[in-house]
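Chemist: Handing you a structure now.
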């Protein structure tokens with residue numbers, strides 16, 4: 001059911017599938033300096049794969065939850081004595097399916113049209129790391145979805161996604177950033193995810209700050225999600 005609801009949001013499908021794949025196809029593949037270098041190509045594919053995961057998490061949970069809250073059936077469900085766990089589990093499964101699906105076009109283009117290459121074990125580890133990195137963005141999406149009405153949530157997701165991706169080094173290498181932007185970037189979950197993924201896949205680069213930054217943002221967004229959920233329940237069911 002939730003898979004169908006996500007499909008009904010065209011911008012979510014475009015963001016999840018087409019934009020990351022098209023960015024790789026138009027900006028990485030024609031650039032021989034990057035596409036023909038195994039390390040640079042692998043990092044470029046990883047960056048856009050992470051963007052696809054961010055997009056999936058924010059749209060699936062941010063706009064998805066906000067859309068659900070606008071439905072009369074959602075209000076009815078939340079008055080039932082059943083626990084919220086089954087609905088939450090369904091939402092998580094929906095997000096994982098979309099996350100895995102969003103990675104397919106990026107990985108295929110990278111494998112077929114660039115020199116990006118990974119051993120099976122690095123690929124498997126990278127996939128697990130991507131799922132772990134999606135956690136703070138999932139929580140961010142939930143916080144947005146429980147805080148805002150559907151139209152506002154869609155706008156906030158769009159306004160949040162691209163600045164986070166750009167400042168996180170997913171579109172341009174962080175090495176090209178001015179010093180002030182690089183300092184800000186290192187405190188963002190998108191940059192932390194990018195650095196951690198690049199180090200795991202290539203064995204190069206430094207990701208000393210990545211895990212602490214991701215952990216802090218995960219805790220922050222978890223707290224915001226709990227607050228937003230309780231605030232929403234207090235407004236609608238008191």
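Each residue, glycine too, has its Cβ placed from N, Cα and C.
TrEMBL does not curate its annotations; it predicts them automatically.
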Chemist: Can you say which of 68-88, 152-172 is given as transmembrane segment in TrEMBL?
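Modeler: Within the set 68-88, 152-172, TrEMBL attaches transmembrane segment to 152-172.
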Chemist: Which listed range (40-61, 96-114, 120-145, 152-172) shows the maximal number of Cβ pairs under 8 Å with respect to the transmembrane segment (207-229)?
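Modeler: Stretch with maximum Cβ contacts: 120-145.
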Chemist: For the transmembrane segment (96-114), could you work out the same-chain residues 6 or more beyond its ends whose Cβ comes under 8 Å from its Cβ atoms?
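Modeler: For the transmembrane segment (96-114), the list is 3, 6, 16-18, 20-21, 24-25, 28-29, 34-36, 41-42, 44-45, 48-49, 52-53, 55-57, 60, 127, 130-131, 134.
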